[in-house]
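TrEMBL has this to say about the protein:
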type	residues	note
REGION	1-28	region 'Disordered'
COMPBIAS	12-24	compositional bias 'Basic residues'
REGION	48-159	region 'Disordered'
COMPBIAS	64-74	compositional bias 'Polar residues'
COMPBIAS	89-100	compositional bias 'Polar residues'
COMPBIAS	116-130	compositional bias 'Low complexity'
COMPBIAS	131-147	compositional bias 'Basic and acidic residues'
COMPBIAS	148-159	compositional bias 'Polar residues'
TRANSMEM	201-223	transmembrane segment
REPEAT	314-344	repeat 'NHL'
REPEAT	352-396	repeat 'NHL'
REPEAT	507-547	repeat 'NHL'
């Protein structure tokens, strides 16, 4: 056989119907019966150049090296392999088209050989080798069968690497170069995608950096932008009261024992319902007054102003304390005891002191005054006025302990001087004491052995200035922590804003006792309703004055 070859071939692939062609190859009947035709592919080869001689082929290997080679590869499931048959019935001329009918058939798996590839021999001879083609008519099948069984013996074979046992979409004239081009395109595409991905990531990072810079610049501009200074009203603007008061209970300058009359009113306090409690000292009772309809009734002691020592009577009550359950603690000063009155009860219970017997023992008082209570421990604190000390009593124990003072009358920081009013400050675990005889307000931390000055003179000096006091009797605080003092002998009420040592007169006229609506006469104590209206026990005027806040 001459080594004449077609240099370049164009292949056209056309899928034919299953019943359109039959196998021309001579095979045993048993093999044909066991063959199942699944598809038929028609392959056309168009030679573009004339055949080259053997000498020309040897001289010009590079130009005549390409034969039409179609490749299929069986990639998966080799149990279902295909046998490819060809049928060449016509003589190919120099410019004619050679047609090959390729039939995809399927054999039973038991008769199917496990080959890595299938081959079809395509004879590309020139038109002057027609005799050879005649011989090929009989030899082609044997050669082709050999090529199928042994692909290495065929120079021209088709291998499909993508579709198991079939020829798949052979559209390129030279499959090898086409495959390499496709592979290169794939590689280029993947490389392009990688480059694009890197570019996108880089662009995202640059965008994020730019956005961060812009936001930082905006933030700096906003922070440097001058803010408007608003005129916020000071605390003093909210804590203003009319200088002219209204008499709500009692009759100015007139003692009396009717329900609306008073005799030397002393301690004041509000319960959770907004009712005002008054220690009506020389009427020996505690009055509960409704500030809305201005009516009063006796809730402790005798309404007819008769004193007594029994559990339903009082003798000269002064200060009082109301707990969160509206229970009442009363300083029954004339009886030298502290009485506990349950809310709504008609009689009280002694919690400290010896009824009618004053003294300096740990179970005795000598004129008890101010009362305070620690809600955490339920301990009560009492100012023992004439013993110059503050006593502490635990619930159910009639014997107390000295918690402040007790070192005799004096003005140094380990002594007290007629302590009167008292408040327990839970935030600092300390007692705020109206040190009446020393004309100052002091703080005594529980467990310490000395006090620190809060207001007034630490040396017991009296005065009329904004920093001095003259026998203060009581002290109270508003919800903001500001302090209010009944500066008794100066006939005024002083306000000390939180953290300040200078007081401001908010009620009364300095050192001028009087009976008109702007004046006070030995005020003893102060209290606030839920609107921060100020109530003053104007003791020597026998009345309760109300100063409206505005």
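Every residue gets a Cβ built from N, Cα and C, even glycine.
For the repeat 'NHL' (507-547), DSSP puts the residue distribution at 3 helix, 18 strand, 20 coil.
Residues 309, 318-321, 323-324, 329, 331-333, 335-338, 402-410, 415-424, 426, 431, 433-434, 436-437, 444, 474 of the same chain, all 6+ positions outside the repeat 'NHL' (352-396), place their C-beta atoms under 8 angstroms from a C-beta of that stretch. Packing against the repeat 'NHL' (314-344) from elsewhere in the chain are residues 266-267, 269-273, 277, 279-282, 284-286, 299-302, 307-308, 350-359, 364-373, 375, 380, 382-383, 385, 393, 421-422, 474, 525: each is 6 or more residues past its ends and has a CB under 8 Å from a CB in it. Counting residues of the repeat 'NHL' (352-396) by DSSP class, helix then strand then coil, yields 3 helix, 18 strand, 24 coil. Counted with DSSP, the repeat 'NHL' (314-344) comes out as 3 helix, 16 strand, 12 coil.
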